[in-house]
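Here's the structure we're looking at; comments come further down.
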Amino acid sequence: MTSEMESSLEVSFSSSCAVSGASGCLPPARSRIFKIIVIGDSNVGKTCLTYRFCAGRFPDRTEATIGVDFRERAVDIDGERIKIQLWDTAGQERFRKSMVQHYYRNVHAVVFVYDMTNMASFHSLPAWIEECKQHLLANDIPRILVGNKCDLRSAIQVPTDLAQKFADTHSMPLFETSAKNPNDNDHVEAIFMTLAHKLKSHKPLMLSQLPDNRISLKPETKPAVTCWC
């Protein structure tokens, strides 16, 4: 696994042949690997989102992530086998210091997560964005913003229009969803698969010109905010 993590875009091989080069064996399958880090405050649901995507269900129990929690899922996109590595990072600073350089290495995309029922987690987003700027070498790495726990309607503190304004300011598409609600399983899937499709095709998010001449990144065919609750 270490070798997979070290390169910016690795190719992994698998073969059903017991002996390399055996007669009649097909060439080994090749899979591109994309490393996506999921960051945000503790208890915003990062682990639950990654677990929902990789395991297809909500975890029976969760504990605070210490360091990095790593999950991987292989998917087929347009006939190509792709491996998606999700790095679920600790939200508490005391668990992060020794790991920061490691999990930011060779990142292909970033998912920022906040808890829609916790305004403090939303206010922490600028600090997470600044951390990314300090450790990521490339400026064109795709980034998306995810508001989690939208099923808790009566407890929501972060209105969609406020989150959308923040997303526009930082050139990110916004998604609102719930990792817990089983009805949103396909929606969590769509978030990560949309990102995987963009990484595979190497297509940038579509540029749109704002009235004050700022450039904003928008999804190519999707509205700026997608809410499935």
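Quick reminder: no glycine exception, Cβ is built from N, Cα and C everywhere.
Note that the structure is predicted; figures quoted are calculated from it, not measured.
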Swiss-Prot annotation (motif 'Switch 2') - matching range among 9-28, 69-88, 89-108: 89-108
Among ranges 56-68, 199-211, 212-224, whichever one Swiss-Prot labels motif 'Switch 1': 56-68
Packing count at N43 (GTP binding site) (other Cβ atoms within 10 Å of its Cβ): 16
Cβ contacts of G45 (GTP binding site) (under 8 Å, same chain, 6 or more positions away): V113, D115, N148, K149, A179, K180
N43 (GTP binding site) and D88 (Mg(2+) binding site), Cα-Cα, nearest whole angstrom: 12
